[in-house]
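One structure coming up, written as structure tokens, with questions to follow.
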Amino acid sequence: MDWQDYLAPLSQGAWVTIELTVYSTLLGALLSFVFGIGRDAHTRLLRWLSIGYIEIFRGTSLLVQLFWLYFALPVIGQAIGVNLQLAPVTAGVLALSLNIGAYGAEVVRGALKSVPRSQHEAAVALNFTPRQRLWRIDLPQAIPEMMPPFGNLAVQNLKDTALVSLISLGDLAFRAEQIRNFTQDSTTIYTMVLLMYFGMALVLTALMKLLEHRVGRWRTEN
Amino acid sequence: MSREPIIRFDRVSKRFGDFTVLDNLDFQVQPNEKVTIIGPSGSGKSTVLRVLMTLEPINEGVVYVGGDPLWHEYRRNNELSPARGAHLRRMRERLGMVFQQFNLFPHMTVRRNLTEAPRRVLGLSRAEADERAHELLELVNLGNQADKYPGQLSGGQQQRVGVARALMMRPRIMLFDEPTSALDPELVGEVLKVIRQLADTHDLTMLMVTHEMHFARQISDRVCFFDQGRILEQGPPEEILSSPKEARTREFLHAVLNPDE
Ligand SMILES: Nc1ncnc2c1ncn2[C@@H]1O[C@H](COP(=O)(O)OP(=O)(O)OP(=O)(O)O)[C@@H](O)[C@H]1O
Ligand SMILES: [Mg+2]
């Protein structure tokens with residue numbers, strides 16, 4: 001077998017990796033906003049919930065989170081009589097999203113904090129409600145600030161997807177391992193996998209740059 | 001003047017930690033009166049405006065705006081208790097503020113800077129808000145800048161947008177905190193001209209902090225000299241600016257009018 005024979009199975013794996021990355025990055029972004037905003041909310045319950053989430057998911061390893069969702073959760077489910085056995089894809093996407101969301105929440109919070117206090121005062125003087133201040137003044141100015149760190153997190157997330165091969169999900173890393181076991185052609189296979197991950201990371205970075213430019217257009221008009 | 005004052009500070013104190021910024025302040029402004037506040041740095045000038053704009057709470061006393069307590073509301077037994085959000089929102093409708101650093105929203109065009117609050121807060125339709133914005137941009141001589149972003153304008157233009165934006169809400173009282181202090185000298189005139197025009201043509205109560213003494217003399221009905229959180233001396237501009245009674249006022253004016261000494 002030569003490298004062209006590896007291409008089809010590796011591409012299949014790459015496609016799974018792309019799906020995992022897209023779903024978990026999108027869900028992770030949603031979690032980032034919910035808990036990043038909740039982190040400094042007026043309601044104490046919301047604040048504590050957010051702190052708990054952020055600290056737990058940043059303070060433990062992704063691997064443990066993944067195994068917990070996939071292996072431990074069903075056992076708890078059994079004990080209380082509910083089927084909590086997740087499909088590998090679901091467990092994978094969930095673990096990745098929860099993990100990246102915890103880091104993203106800190107990014108959202110930091111970006112919101114970086115909006116100058118004077119903007120807040122101008123908004124109060126114009127009698128905006130707290131919710132309007134958040135949606136119309138703070139977030140639109142904070143989102144461009146979030147984009148570079150979000151880009152890094154998205155690439156980090158892409159690389160982290162390799163871990164889900166450990167719960168038998170057929171992603172790129174999993175396929176590579178399969179073929180290698182079969183052919184022992186480590187050098188070729190891992191070189192190809194390396195390049196494929198790198199290519200995907202390049203595309204992802206470019207996409208994030210594009211997005212960054214779009215949401216921050218008012219900053220370049222000056 | 002025996003009319004009901006539109007602004008009344010009744011023994012108001014404001015502290016930051018141990019530091020007293022407003023010290024048992026009594027201060028009144030009549031409807032449509034143009035009042036200028038002068039005084040050394042740290043004397044509490046900005047704080048007076050910020051308290052009125054509900055940006056800074058007070059520790060003691062009561063502030064009345066339009067006859068109603070600003071930082072308090074009446075309970076059933078007619079006692080005053082600290083104001084809640086809804087009360088503050090009702091009271092804020094009466095006031096507008098122009099900031100030293102303009103504080104425009106950088107992510108919105110000039111037009112949206114003006115129309116966003118009237119539409120979201122007052123519930124104006126887009127057409128109504130655009131119409132109002134058009135009129136006010138004409139008033140501040142920026143009729144052709146509506147589609148620019150604040151970052152594309154000069155400081156003088158930005159501050160004129162700041163004036164128009166505050167006026168969009170049709171407040172009865174306008175607060176100006178050193179509106180020209182952040183501007184290059186050659187841009188001060190165009191902003192002062194707009195404010196003077198406003199004073200002449202609108203039924204507005206104006207409260208302004210400024211170091212532009214010539215301007216203060218032209219537009220004010222009264223000048224108040226603040227020192228250490230109190231009004232040390234106040235009166236018609238000719239009197240305060242030309243023949244102040246207090247030594248502190250004389251020192252201050254001398255320093256402002258002869259900055260190079
Ligand atoms: N948030 C704050 N925390 C602590 N001290 C403050 C705060 N805001 C203002 N001060 C202090 O209160 C004092 C009065 O402030 P204020 O801004 O009212 O003075 P000012 O008369 O407007 O002075 P300037 O001419 O410098 O603008 C100053 O000494 C200032 O340092
Ligand atoms: Mg000041």
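Each residue, glycine too, has its Cβ placed from N, Cα and C.
Any TrEMBL annotation is an automated prediction that lacks curation.
Just lifted these from TrEMBL, have a look:
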type	residues	note
DOMAIN	A:14-208	domain 'ABC transmembrane type-1'
TRANSMEM	A:20-38	transmembrane segment
TRANSMEM	A:59-80	transmembrane segment
TRANSMEM	A:86-108	transmembrane segment
TRANSMEM	A:189-208	transmembrane segment
Other than its close neighbours in sequence, what residues sit by the transmembrane segment (A:20-38), given a CB gap under 8 Å and a spacing of at least six beyond its ends?
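Same-chain contacts beyond the ends: 46-47, 49-50, 53-54, 89, 92-94, 96-109, 112, 134, 150, 153-154, 157-158, 161, 164, 169, 171, 200, 204.
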Where else in the chain does the transmembrane segment (A:86-108) make close Cβ contacts, counting only residues six or more beyond its ends and a cut-off under 8 Å?
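Same-chain contacts beyond the ends: 20, 23-25, 27-37, 39, 50, 53-54, 56-58, 62, 65-66, 69-70, 73-74, 142, 146, 149-150, 153-154, 156-157, 160-161, 164, 167-169.
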By Cβ distance under 8 Å, which residues at least 6 away from the ends of the transmembrane segment (A:59-80) in the same chain are close to it?
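Result: 86, 88, 91-92, 94-96, 98-99, 160, 163-164, 166-167.
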